[in-house]
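Undergrad: One structure, pasted below without further comment.
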Amino acid sequence: MLTIKLPQIFRVHQVPRIFWEYGIMSGYRHPKSSALDCVLSSFQMTNETVNIWTHFLPAWYFVWRFLVLSSSLELWRDPYHWPLLIYLLLVCLYPFASSCTHTFSSMSARARHICYFCDYGALSLYSLGCAFAYGAYAMPEHWVGGVWHRYFVPAAALNSFVCTGLSCYSRYVLGSKLQRRSQVETAAGGFCPSRLWGDAVAGYCYHLLFALLTGFLFASHLPERLAPGRFDYIGHSHQLFHICAVLGTHFQLEAILCDARSRRAWLRGRLPVPGLPGTFGTAGLAFLGNAAIIGAFTAALPRAP
């Protein structure tokens, strides 16, 4: 009979410092796990298990929403929906990248750095996806067609480079998590309702609420900082942070869909039809730029102390 031996679990003092998590005293995987061990560990209780599943399952939920919407709205054929298409693709990307990061980050110290570099890049690109959707459907009426509106998406693309670069730099040079996501999540939590009151505003407000909770949980390390060791497996701040981030994205998506439907006639009378250079061209350049930043920091890793 074939038996599968689950990976061994360690306490904090048994793994190198780079693997330590604030307030988490046990549940660590071997710091040189194989890829198979990492996958198997997602089916046993470690301090990363809930982190893995709280983004892996939502990633498939967003993929399902993308497939349904791509069929019902003809996302690929209708240029009006191209910004929404880009947003949906990046909404699917960031929880999947996060789940992979938490799954494979125990393969080695170098692999841990690379996994988190990719995680930062995915979050930065998600912030750009938000800008595409806000700029296309949720911009306040008195800003539509103005200078700020014209440069909103290019500025967000530049911001994605800055966020990824600073996050990777803080991890590479400081060996710290204090700055690694702050810039990215601030951009991703942007609040840009189309008008003072309307059907979509409630969704944006819920999104803002969960974005604030996400930032608070990530920065505060609550509740584990109050009782180290008590929340190693279930209930620590990173798990709660994942749940709030996904809920916020859900409400954001619903609000954007509401604006895209209700404001279509008004927006099409005031804005040109989105073109390939301003949508897929900008998104493609941003993807390549962020990949280049990640590649540069990855290449520099062997020289890191």
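Glycine residues also receive a Cβ, built from the backbone N, Cα and C atoms like all the rest.
The transmembrane segment annotation in TrEMBL covers 50-68, 80-97, 117-139, 151-174, 201-220, 279-301. If you look up TrEMBL, you'll see His102, His238, His242 marked as Zn(2+) binding site.
Please go over these features one by one and say how buried each is and what sits next to it.
TA: Same-chain residues lying 6 or more positions outside the transmembrane segment (80-97) and placing a CB less than 8 Å from one of its CB atoms are 55-56, 58-59, 62-63, 65-66, 69-70, 73-74, 118-119, 121-123, 125-126, 128-130, 132-133, 135-137, 245-246, 249, 253, 256-257, 260, 264, 268, 273-274, 279-280, 283.
Counted within 10 Å of its Cβ, the other Cβ atoms near His238 (Zn(2+) binding site) come to 21, all protein chains included.
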Undergrad: Including all protein chains displayed, how many Cβ atoms other than that of His102 (Zn(2+) binding site) lie within 10 Å of its Cβ?
TA: 27
Undergrad: Restricting to the same chain and to sequence separations of six or more, state which residues have a Cβ under 8 Å from that of His242 (Zn(2+) binding site).
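TA: Long-range Cβ contacts: Val50, Asn51, Thr54, His55, Ser98.
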